[in-house]
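According to TrEMBL, the protein has these features:
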COMPBIAS  25-35  compositional bias 'Basic and acidic residues'
REGION    1-39  region 'Disordered'
TRANSMEM  47-67  transmembrane segment
TRANSMEM  79-105  transmembrane segment
TRANSMEM  126-148  transmembrane segment
TRANSMEM  168-187  transmembrane segment
TRANSMEM  194-217  transmembrane segment
TRANSMEM  245-265  transmembrane segment
TRANSMEM  285-304  transmembrane segment
TRANSMEM  333-352  transmembrane segment
TRANSMEM  378-399  transmembrane segment
TRANSMEM  405-430  transmembrane segment
TRANSMEM  451-468  transmembrane segment
TRANSMEM  488-507  transmembrane segment
Amino acid sequence: MTSREEESAPLLGSTPDYGTTSGEPLDRQNSRDGELFDNVPKDKRRLGTLSACFLIFNRVIGTGIFATPSNILRSAGSVGVALIMWLIGSLIALLGTAVYIELGTGLPRSGGEKNYLEFIYRRPKFLITCVFSIYAMITGSATANSVVLSEYLLHAIGLPPTWFNTRLVAFSCLTIIVFLHGTAWKVGVRMLNALGMFTFIVLTLVAGSGILSLMGVPGFQVRDGYEKPDNFHWDKLWEGSGTDANAFVAGLYGVIWSFTGYSNANNVLSEIKDPVRTIKRAAPIAMFGVSAVYMLINVAYFAVVSKNDILSSRRIIAALYFRNLYGPTTERALSAFIALSTFGSLLAGQFAQGRVMQELGREGILPFSSFFASSKPFNAPLAGLFLQYSVSILFLFVIPPGDAYLFLISLASYCTTIINALVAIGVLLLHTKAYQAAWNWNPPFRSPKTVVTIFFIANMFLIFAPLMPPVAGSKTYERLPYWSHSLAAFAVSLIGITYWYVWGTWLPQRKGYRLERVYTLQEDGISRWVFRKVPLAS
């Protein structure tokens, strides 16, 4: 292992030439596909457009479309306003997708937001990386989704969802995922693609059944004994509109979060063939597919289930839909399908998260960086995957149900919002003449400034909306203040700031050395940064 280049330039140079092992500028003639942007072995680029699409599609779908429409309707007051909320959510998600396509084509390297924040916020050096590292471990936790999968799977097979049963299934699920992605990545990717295709086909069939019911096609009518819906007559469509602003904000908040995950493929660009061309194709295809599925599924729900039934029942709207159209015996089949969809979301999320942790290891800032940066012994980021797995397992068994668990989920979501807001501000800066000249920002795809501005506003909405007091009679938590996770999301950044100060300033001054960064090439062909302690006397 030999050193290549001293860190005498800024954190990232004025041209996107970091990631090389020679210190020479990258091949600018190859900017179309972006494969030479990051110096990784050629055989590491093994994902095509289909896999990139399903990395996004699976990550976004999850369980939201099965459970959230009921809550959205309660917040909206009417079916028409609820559909408008979903349309707004789709548009915001597509705007966010455009922003991340620009960043992905300009910096086609695994790590996603890590790279973008480092590129934009260069001073103080390494501070943003230290802070993002803490956020990454929180937002990458798979605990919540693994518990959701466990509960639906237990219901499908007829076992009680006790604390032990739920944790055992969730633990087994997380263990299978880290084993697949860490030791047999080809099997993991094939399973991810297969589940994505299966989910898309089933959701399309479900949506089609609802549309046929709306059209009055025989064989697709609501069964006898259940209330016939009348949600699409004009007067009924808007009946109940005009609820208070707080409820509308809460509903829109839930819709926007149902689209979280559109940047998932940006986290693995170093492993994608022709990353620039692929991300420009895969991200729009995936998100247009998600948006279409979400809108059609909502239309199908309202075509089959009455508004009164949705609002009065404690069951999720998908269960009411299947009961009304296919009979009550299909509920277990629905639970099995939701469990499979959640498993696909976990596969997509953890595949990408392992690469984010590996990229953090490549920066050389965190302890045991060489361990986390390695792809040995299975040509996969097993160490990064295992770190995120350990965090998820810790949360799974240590955090009790109730307020603490809901707090953890809300904290992860809020941290993601802060990151997206910083990214949006950064892109707006990159669109100014001063930054374009100084940062040499000229990506193959540019999102319009209006698009970036709306995306920024949407994320600021997500930051400030939870700070609004809940309406009378509703509570975010049983015992904790409603704003507790928001405050905690900002507070945890202090951990990263403290680490940065102690590691990068206090210890060097106290012990009389300076940190010097050099490139090294690992035995697995992956380049990374290494910090050396150089005595001040020399």
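Glycine is treated like the rest: Cβ placed from N, Cα and C.
Curation does not apply to TrEMBL; its annotations are automatic.
Same-chain residues lying 6 or more positions outside the transmembrane segment (126-148) and placing a CB less than 8 Å from one of its CB atoms are 11, 62-63, 113-114, 117-118, 166-167, 170-171, 173-174, 177, 342, 345-346, 349-350, 353, 356-357, 360, 363, 365-366, 387-389, 391-392, 395-396, 399, 405, 408-409, 411-412, 415-416, 418-419, 492-493, 495-497, 499-500, 503-504. By the count of Cβ pairs under 8 Å, the stretch nearest in packing to the transmembrane segment (47-67) among 168-187, 245-265, 333-352, 378-399 is 333-352.
By number of Cβ pairs under 8 Å, the transmembrane segment (451-468) is matched best by 405-430 from the list 168-187, 245-265, 378-399, 405-430. Against the transmembrane segment (405-430), the recorded stretches 168-187, 245-265, 333-352 differ in Cβ pairs under 8 Å, and the greatest number is found for 245-265. Segment contact is absent for the transmembrane segment (245-265) and the transmembrane segment (168-187), given fewer than three CB pairs below 8 angstroms at sequence separation of 6 or more.
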